[in-house]
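Visitor: Taken from TrEMBL, the feature domain 'Major facilitator superfamily (MFS) profile' covers 35-444. Annotation source TrEMBL lists transmembrane segment at 36-65, 71-95, 107-125, 131-152, 173-195, 207-226, 258-275, 287-311, 323-343, 349-374, 386-409, 421-440.
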Amino acid sequence: MEDLLEPACPPAPERPAGMIDAAGAAATRAGARRNVAAVALGNAVEFFDFGAYATFAVMIGHAFFPAKSPFVSLLLSVSVFGLGFVVRPLGALVIGAYADRAGRKPAMMLTLVMMAVGTGAIAVLPGYETIGVAAPILLVVTRLVQGLAWGGEAGPATTYILEAAPPGRRGAYACWQVATQGFAAVTAGLAGYALTLALPEADLYAWGWRVPFALGLLALPIGVYIRRRLSDTIDAHRAYGSTRDILRELSARHRRPIAVGLMILLGSTITQYFLNYMTTFALTELHLPGGVAMLATFATGAALAVGSLAGGSLSDRVGRRAVLIWPRVLLLLLIFPALQLIVSRPTPAVFLVTLAVLSGLHGMSGAALIVLIAESFPQRVRSTGFSIVYAVAVSLFGGTAQSIVAWLIGTTGNPMAPTGYLLVANAICIAAGWLAAETWPGRRKPVMSVSGP
């Protein structure tokens with residue numbers, strides 16, 4: 001039972017000369033920009049796709065799932081959105097362990113190609129009217145392939161930027177993993193808003209929604225160029241030789257950070273995907289103009305980016321747990337009055353400002369929790385450990401969140417119905433934050449589980 005109270009592991013081996021360390025190339029300005037860009041591009045492709053899918057969920061449902069009831073069409077659309085999450089844990093296990101065995105760089109190259117190609121494929125898939133039932137089947141297959149890549153991207157990318165950060169700056173660097181989610185959402189929101197202004201509604205439903213997905217392919221050549229020039233942060237020759245060895249250590253010595261990490265990510269993930277759903281919410285429940293609904297993605301993305309950058313830097317000064325917990329407490333207190341406000345006063349200004357406030361608080365907490373969970377594992381199993389925790393949480397809670405929200409509203413006829421769901425999820429996140437071991441270097445009590453680089 002001792003390992004459940006305080007995880008422990010021996011120090012990780014010293015990195016050999018030529019590898020990136022805190023005093024090496026990653027501390028230089030050029031190296032720092034390259035490291036951030038390497039992580040940002042993969043994350044941007046993933047969350048640009050998320051933002052685009054959330055923004056155009058109604059149009060995608062119309063193209064692939066024509067039904068007499070618009071609600072049924074929408075529910076099928078967001079359900080397919082969730083199918084990609086089913087295979088995330090498999091991608092996390094296979095690619096995350098590959099990153100611990102062969103290095104972060106080759107794993108990040110693989111996932112970037114898979115994500116970009118998958119996103120571009122959605123742009124050219126024929127709709128139901130063209131090829132019938134084969135259309136939704138192909139869409140499902142595409143989302144499953146993307147899910148494998150997304151499951152494998154988070155661990156290698158997060159651990160890479162964490163390990164490449166200068167001393168005392170891990171929070172400020174790793175928060176870009178969250179900030180790029182916001183920037184990608186901003187880009188998707190702007191693309192959606194521009195398309196609603198430029199195209200008639202009939203064209204938007206017919207083909208306009210495909211344009212943002214085609215843009216996802218543009219990141220591929222840029223991302224490959226940047227990631228090929230990276231130096232790795234581990235020596236593959238001194239890493240574990242098999243996935244079985246990695247899993248054996250995780251199950252024997254790191255059960256506590258895995259369990260606590262899942263609880264933390266439960267609240268964070270459900271909140272994130274609820275915020276993503278607000279574009280659809282604005283159209284179907286608040287009956288706001290399409291342009292305003294598209295701006296919801298912009299507002300949430302911009303606030304998420306700003307909040308996460310602030311939260312990551314702050315966590316380097318006051319600790320991971322404090323920044324994880326207190327913005328989340330404030331978010332918890334605001335959930336009910338915020339939703340009540342936008343439902344009772346569904347004006348564009350009220351809707352967008354309220355979403356921005358909630359997203360900013362969520363981003364601050366999210367940046368700190370990403371760093372804390374990753375730092376809870378030693379370097380030699382960090383990619384696999386973080387990948388599994390992140391992918392399982394996102395698969396279980398993110399993949400179902402939008403369907404649950406749509407179902408709650410549709411079955412009750414009450415747009416406030418998701419409130420209890422959000423309150424419970426964030427309460428669990430806060431409780432897990434209190435249980436988590438502090439990983440900040442300035443902590444008073446050393447935590448042996450993060451003694452490695």
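The backbone N, Cα and C atoms fix where each Cβ goes, glycine too.
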Visitor: Can we call the transmembrane segment (131-152) and the transmembrane segment (36-65) in contact, meaning three or more C-beta pairs below 8 angstroms at a sequence separation of 6+?
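Guide: They do touch: at least three Cβ pairs between the two stretches lie under 8 Å.
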Visitor: Which one of these stretches, 36-65, 71-95, 107-125, 287-311, 386-409, has the most C-beta pairs shorter than 8 Å to the transmembrane segment (323-343)?
Guide: 287-311
Visitor: Short question: most Cβ pairs under 8 Å with the transmembrane segment (173-195), which of 107-125, 349-374, 421-440?
Guide: 349-374
Visitor: Could you pull out which residues elsewhere in the chain have a CB under 8 Å from any CB of the transmembrane segment (258-275), counting only those six or more residues past its ends?
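Guide: The answer is 181, 250, 300, 304, 324, 328, 331, 355, 358-359, 362, 365-366, 369, 372-373, 376, 385-386, 388-390, 392-394, 396-398, 401-402, 405, 418, 421-422, 425-433, 435-437.
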Visitor: Under an 8 Å Cβ to Cβ limit, what residues of the same chain, 6 or more beyond the ends of the transmembrane segment (386-409), are close to it?
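Guide: For the transmembrane segment (386-409), the nonlocal Cβ contacts are 54, 71, 74-75, 78-79, 81-86, 88-89, 91-93, 95-96, 99, 150-152, 154-156, 158-159, 250, 257-258, 261-262, 265-266, 269-270, 272-274, 276-277, 280-281, 285, 373-374, 377, 415, 417-418, 421, 425.
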Visitor: Which range out of 71-95, 287-311, 421-440 gives the transmembrane segment (107-125) the most CB pairs under 8 Å?
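Guide: Stretch with maximum Cβ contacts: 71-95.
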